[in-house]
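Participant: Can you keep this structure in mind? I'll have questions shortly.
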Amino acid sequence: MAISFRTLALLTLSVLLISISLGVVTATESQRNEGEVLTMYEQWLVENGKNYNGLGEKERRFKIFKDNLKRIEEHNSDPNRSYERGLNKFSDLTADEFQASYLGGKMEKKSLSDVAERYQYKEGDVLPDEVDWRERGAVVPRVKRQGECGSCWAFAATGAVEGINQITTGELVSLSEQELIDCDRGNDNFGCAGGGAVWAFEFIKENGGIVSDEVYGYTGEDTAACKAIEMKTTRVVTINGHEVVPVNDEMSLKKAVAYQPISVMISAANMSDYKSGVYKGACSNLWGDHNVLIVGYGTSSDEGDYWLIRNSWGPEWGEGGYLRLQRNFHEPTGKCAVAVAPVYPIKSNSSSHLLSPSVFKLVVLFVFQLISLALL
């Protein structure tokens with residue numbers, strides 16, 4: 001039976017009105033009133049141990065908190081999002097305040113002159129589909145906190161050294177970031193004012209090693225008063241130097257991570273409220289501002305390929321202190337510039353834990369031949 005024009009028009013109008021009504025309800029429900037937000041804020045203050053003493057400071061921070069909450073909820077309402085944002089200890093900070101206190105990565109192009117072919121990806125290389133150095137015992141379980149100090153470079157450096165030391169010796173030792181902050185002043189590292197993992201590796205080599213954080217604990221303060229001379233006999237970990245992964249090449253970076261944790265710089269200014277998922281959000285793909293440690297990679301069935309990154313903002317941030325960042329990006333620099341400045345420490349026999357791809361292929365062929373002969 002044919003539908004009249006009048007009937008069709010009424011049906012269309014009804015659907016439109018229902019859609020508008022649903023939209024109004026959804027919008028109303030998503031908009032919190034001032035009292036609800038204030039209750040959330042008071043609870044957040046308790047959970048994060050915040051206490052403001054300055055006149056009007058609590059009110060000023062509340063306004064910032066509201067703005068950040070709005071940004072979080074607007075992002076999380078997008079059905080096509082690849083990651084979640086959430087409230088955390090940074091939720092009362094402006095973007096400028098966050099960047100000034102928690103970023104600190106510095107890297108001059110001259111420091112990338114030590115590019116090595118050790119992890120240059122070659123056609124035919126066989127690499128694992130996924131890697132997680134936490135499962136192999138090469139990552140200190142406790143996610144560390146840099147605090148309000150731009151010392152991310154020190155944490156990325158110690159994490160990489162902790163990893164290669166465990167891979168080479170079988171011993172996992174948590175190392176001292178504070179020694180680097182206090183004592184590594186000869187290059188372009190400036191304590192809480194920022195620095196780079198490359199120069200930290202140089203310092204550790206030239207200094208004859210680095211002590212554990214049990215001996216030289218972290219304070220997060222930029223005193224420049226080096227206490228390491230008193231601990232000369234307690235050095236526990238040494239390295240032979242450092243090298244740079246071929247830059248702007250995610251396949252070479254993947255190969256490097258298959259061998260050991262790698263220190264990189266990423267553009268992290270927009271990641272203060274990252275909570276979970278594979279980050280595909282806004283960032284610079286040209287140059288980084290924050291040092292972190294890649295400890296693995298993998299593929300999510302929902303969000304695709306990712307890098308597994310250990311941060312130094314404590315376990316309350318992100319996925320227990322970790323970030324999953326989009327991998328196999330369409331630009332050679334990688335997502336958020338992850339492939340621009342990848343560096344790693346080297347230690348005697350540091351490559352002995354994993355067969356080279358070419359040798360691995362020969363071993364696989366040999367095993368298959370043995371199996372074939374056994375079945376004859």
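Backbone N, Cα and C define each Cβ position, glycine as well.
The feature active site is assigned by Swiss-Prot to C152, H290, N311, with sequence analysis given as support. Swiss-Prot lists C149-C192, C183-C226, C283-C336 with the feature disulfide bond. The N-linked glycosylation site annotation in Swiss-Prot covers N80, N270, N349, and the record cites sequence analysis as its basis. Among the features that Swiss-Prot reports, signal peptide is placed at 1-27, with the record citing sequence analysis.
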Participant: Could you check which of the active-site residues C152, H290, N311 is the closest Cα neighbour of C226 (disulfide bond)?
Facilitator: C152
Participant: Let's check the environment of C149 (disulfide bond): how many other CB atoms sit within 10 Å of its CB?
Facilitator: 24
Participant: Taking the Cα of H290 (active site) as the centre, which of the recorded positions listed as C149, C152, C192, N270 lie within 10 Å of it?
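Facilitator: Among C149, C152, C192, N270, the ones whose Cα sits within 10 Å of that of H290 (active site) are C152.
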Participant: In sequence order, which residues at least six apart in the same chain have a CB under 8 Å from the CB of N311 (active site)?
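Facilitator: Spatial neighbours, sequence-distant, of N311 (active site): V143, V292, W317, G318, G321, Y322, L323.
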Participant: Using other CB atoms within 10 angstroms as the count, which residue among the glycosylation sites N80, N270, N349 scores least?
Facilitator: N80
Participant: Distance between N349 (N-linked glycosylation site) and C183 (disulfide bond) at the Cα atoms, whole Å?
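Facilitator: C183 (disulfide bond) has its Cα 28 Å from the Cα of N349 (N-linked glycosylation site).
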Participant: By a simple count of other Cβ atoms within 10 Å, which of C152, C183, C192, C226, C283, the recorded positions in the record, is least packed?
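Facilitator: Result for the recorded positions C152, C183, C192, C226, C283: minimum number of other Cβ atoms within 10 Å at C226.
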Participant: Starting from C152 (active site), work out which of the recorded positions listed here (N80, C183, N270, C283, C336) have their Cα within 10 Å, and give them in sequence order.
Facilitator: none
Participant: With C183 (disulfide bond) as the reference Cα, tell me which of the disulfide-bonded residues C192, C283, C336 is the closest one.
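Facilitator: It is C192, whose Cα lies nearest.
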Participant: List the Cα distance (Å, whole number) between C283 (disulfide bond) and N270 (N-linked glycosylation site).
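Facilitator: Answer for this pair: 6 Å between alpha carbons.
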